[in-house]
Amino acid sequence: MVALRLPRGLWTAALTVMLVVLGAPVAEGRDSPQDFVVQFKGECYFYNGTQRVWSVDRYIYNQEEFLRFDSDMGEYRAVTPLGRPDADYLNGQKEALEQKRAELDTVCKHNYQIEEGTTLQRRVQPTVTISPSKAEALNHHNLLVCAVTDFYPSQVKVQWFRNGQEETAGVVSTPLIRNGDWTYQVLVMLEMNLQRGDVYTCRVEHSSLQSPILVEWRAQSESAQSKMLSGVGGFVLGLIFLGLGLFIRHRSQKGLVR
């Protein structure tokens with residue numbers, strides 16, 4: 001299903017409703033509020049392209065919807081008592097009512113054709129990374145985090161596998177996060193007990209991909225970690241001695257020049 005909010009349509013009716021609403025508290029003998037907000041929202045919903053189209057117009061006063069036009073109903077319906085006079089009036093305007101019903105084609109389907117080549121077909125491939133939540137330790141509980149970032153549209157499927165077998169227990173996902181630039185991200189975490197030789201795979205399916213993304217993460221043994229740390233330490237120590245040697249040589253050359 002695709003939903004588009006399209007602020008186009010029968011603005012004359014919307015303006016009429018707003019004017020009636022603004023005068024309603026006085027007509028009913030109530031004091032007018034100091035601050036008020038009147039909103040109009042036009043929404044179009046699409047199923048399987050334009051095979052099934054449904055539209056809803058919502059009229060809102062101070063954050064409360066009071067009147068609605070539903071294309072399936074074909075008429076205005078009051079949501080609260082405040083909307084009854086407006087519904088009666090607008091349903092009595094036969095020509096305007098027929099125009100409102102026609103907006104399913106003139107507005108919703110029309111705008112779908114405009115947006116189809118840009119917004120509705122826009123695809124951005126996700127970036128997938130795996131990282132443990134804390135330092136690796138064999139035979140200890142840990143949390144692997146599969147970060148799926150910067151993708152569009154929002155529908156995405158993320159699965160965890162351990163040695164080729166899907167893991168469903170201990171899988172937790174964050175809600176879908178909007179990045180604010182028409183892309184999304186989600187974190188899917190797997191609680192596991194780290195064992196030597198285990199291979200974990202995060203599998204991501206998305207409409208922008210011709211085939212799923214598979215990212216692997218392998219548990220390192222303690223000896224492998226020690227060797228890696230020793231190698232890193234040796235490399236850093238070598239850089240220190242190299243820098244010291246270059247410094248001494250530079251000082252010696254300056255002394256000879258003098």
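In case you wondered, yes, glycine gets a Cβ from its N, Cα and C as well.
Per Swiss-Prot, signal peptide is recorded for 1-31.
Feature annotation from Swiss-Prot assigns region 'Beta-1' to 32-123.
If you look up Swiss-Prot, you'll see Cys44-Cys108 (among others) marked as disulfide bond, on the strength of sequence analysis. Every protein chain considered, the tally of other Cβ atoms within 10 Å of the Cβ of Cys44 (disulfide bond) stands at 26.
For Asn48 (N-linked glycosylation site), no same-chain residue 6+ apart in sequence has a C-beta under 8 angstroms from its C-beta. For the recorded site, Asn48 (N-linked glycosylation site), the DSSP three-state label reads coil. Per Swiss-Prot, N-linked glycosylation site is recorded for Asn48.
Look at Swiss-Prot and you will find 124-217 tagged as region 'Beta-2'. When the region 'Beta-2' (124-217) is classified with DSSP, helix, strand and coil residues number 0 helix, 57 strand, 37 coil.
Sequence annotations record features per position, and here Swiss-Prot assigns domain 'Ig-like C1-type' to 126-230.
Around the Cβ of Cys146 (disulfide bond), a 10 Å sphere holds 25 further Cβ atoms from the protein chains shown. Annotated disulfide bond per Swiss-Prot: Cys146-Cys202 (among others), in sequence order, evidence recorded as sequence analysis.
Taken from Swiss-Prot, the feature region 'Connecting peptide' covers 218-227.
Annotated transmembrane segment per Swiss-Prot: 228-248, in sequence order.
Swiss-Prot lists 249-258 with the feature topological domain 'Cytoplasmic', giving sequence analysis as the kind of evidence.
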Helix, strand or coil: which one is Cys108 (disulfide bond) in, per DSSP?
-> helix
Just jot down the residues in the same chain as Cys202 (disulfide bond), at least 6 apart in sequence, with C-beta under 8 A of its C-beta; none if empty.
-> Val128, Ile130, Leu144, Cys146, Val148, Val158, Gln159, Trp160, Phe161, Val188, Leu214, Val215, Trp217
